[in-house]
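As recorded in TrEMBL, the features of this protein are as follows:
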ACT_SITE  Tyr143  active site, proton donor/acceptor
ACT_SITE  Lys173  active site, schiff-base intermediate with substrate
BINDING   Thr52, Val216  pyruvate binding site
Amino acid sequence: MASPKKKLQGLVAATITPMTENGEINFSVIGQYVDYLVKEQGVKNVFVNGTTGEGLSLSISERRRVAEEWVTKGRNKLDQVVIHVGALSLKESQELAQHAAEIGADGIAVLAPFFLKPWNKDVLINFLKEVAAAAPALPFYYYHIPALTGIKIRAEELLDGIQDKIPTFQGLKFSDTDLLDFGQCVDQNRQRQFAFLFGVDEQLLSALVMGATGAVGSTYNYLGKKTNQMLEAFERKDFSVALNYQFCIQRFINFVLKLGFGVSQTKAIMTLVSGIPMGPPRLPLQKASREFTDNAEAKLKSLDFLSFTGLKDRNLEACS
């Protein structure tokens, strides 16, 4: 059975795919991106070619090369590089899974195919099993994101006996707000050393209470340091401090959600915070507006998420 070097836990950044203004992938900044995550945000695990990375908007050859860059540039710097290899085509998923194994990735993840859909647990597991079998030495994670896939099979149901069918199964990325389902995943699998990775950044503290062992999210690209402070407070059982950090993070996310927050806006914010050009998204997504970026920058500054000159007194909303 596949066994990771160590359990995938803590923060995992859902990586952005940097692009040039004409829509080509900007591979040249990925090394700088790795260093930024590690040194500035304290994030040493990545989830590549997922939703935030526009994985399903990339060609198979592009996905392969992006994966190669993250594995190569992350060597001896990142703890784990997990590659999302989900696709509508089983053959493409298998090709990407095999490639991830060949380049030395630390794990693979797969979401449910969402055009011709599996409508019950057994059919979905059969699909996942075939992908996992293409990389039998790699830990396998299920990417549960029903709001985008339209697959309403509960994760609790899917996990029941899954390791009997998929021996390399090591955990799931749970990107849903159903904490009952998430809690039951944890409760019913206490004897297994699964990674329970929560994927709704603004609700992470609630998921930690339910037993989350880590988190995969887009905001950890630029709010990783602040979220790590929340994790540290939770670990030392300083729950009031942890809650303060979560509320502070929520203030920002709530603010940008009202403006219209998605992959395009994440790219703009990451460019703003890190100074690394992430470029525009690929169609059908549209580039974030200048108005959005200006408003997001002002909010980040008011919450003390950006260092900048000219502020005499810290805003009362700022995290302490």
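Keep in mind that glycine also has a Cβ here, set from the backbone N, Cα and C atoms.
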Exercise. Identify, in sequence order, the residues in the chain of Val216 (pyruvate binding site) that are 6 or more apart from it along the sequence and have a CB within less than 8 Å of its CB; answer 'none' if there are none.
Key: Val12, Ala13, Ala14, Phe47, Gly50, Lys173, Ser175, Leu197, Phe198, Gly199
Practice problem: Check the recorded positions Thr52, Tyr143, Lys173 for other C-beta atoms within 10 angstroms of each C-beta and report the one with the most. | Solution: Lys173
Exercise. Give me the Cα-Cα distance between Thr52 (pyruvate binding site) and Tyr143 (active site, proton donor/acceptor), rounded to a whole Å.
Key: 13
